[in-house]
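J.: Before I ask anything, let me first share the structure, which is written out below as structure tokens.
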Amino acid sequence: KKEGYLVGNDGCKYSCFTRPAQYCVHECELRKGTDGYCYAWLACYCYNMPDHVRTWSRATNRCGS
């Protein structure tokens, strides 16, 4: 199992700045995670997801490129 920031097809973290309070929890559960939250009101962070779920990494960041 892994944890981390959800990543969209564009390589960017899932934004939650203007989303409802339960948005990240729902998105994490859709990916079989057990919980999640909106970190600093900026991006969705998830816990206990399957290892195959893509998460953001500084080393592989391609957001904005």
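Glycine too: its Cβ is placed from the backbone N, Cα and C atoms.
What you are looking at is a predicted structure, and each value in this text was computed from that prediction instead of being measured.
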J.: In Swiss-Prot, Cys38 is listed as disulfide-bonded to which of the following: Cys16, Cys28, Cys63?
T.: Cys16
J.: Could you count the residues of the domain 'LCN-type CS-alpha/beta' (2-64) that DSSP puts in helix, in strand and in coil?
T.: 11 helix, 21 strand, 31 coil
J.: Counting only residues 6+ away in sequence within the same chain, which have a CB under 8 Å from the CB of Cys12 (disulfide bond)?
T.: Trp56, Cys63, Gly64
J.: Using the alpha carbons only, what distance in Å do you get between Cys24 (disulfide bond) and Cys38 (disulfide bond) once rounded?
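T.: Per the Cα atoms, Cys24 (disulfide bond) and Cys38 (disulfide bond) stand 6 Å apart.
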J.: Can you work out the mean pLDDT of the predicted model over the domain 'LCN-type CS-alpha/beta' (2-64)?
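T.: In the predicted model, the domain 'LCN-type CS-alpha/beta' (2-64) has a mean pLDDT of 94.
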J.: In Å, rounded, how far does the Cα of Cys38 (disulfide bond) sit from the Cα of Cys44 (disulfide bond)?
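T.: If we compare the Cα positions of Cys38 (disulfide bond) and Cys44 (disulfide bond), the gap is 5 Å.
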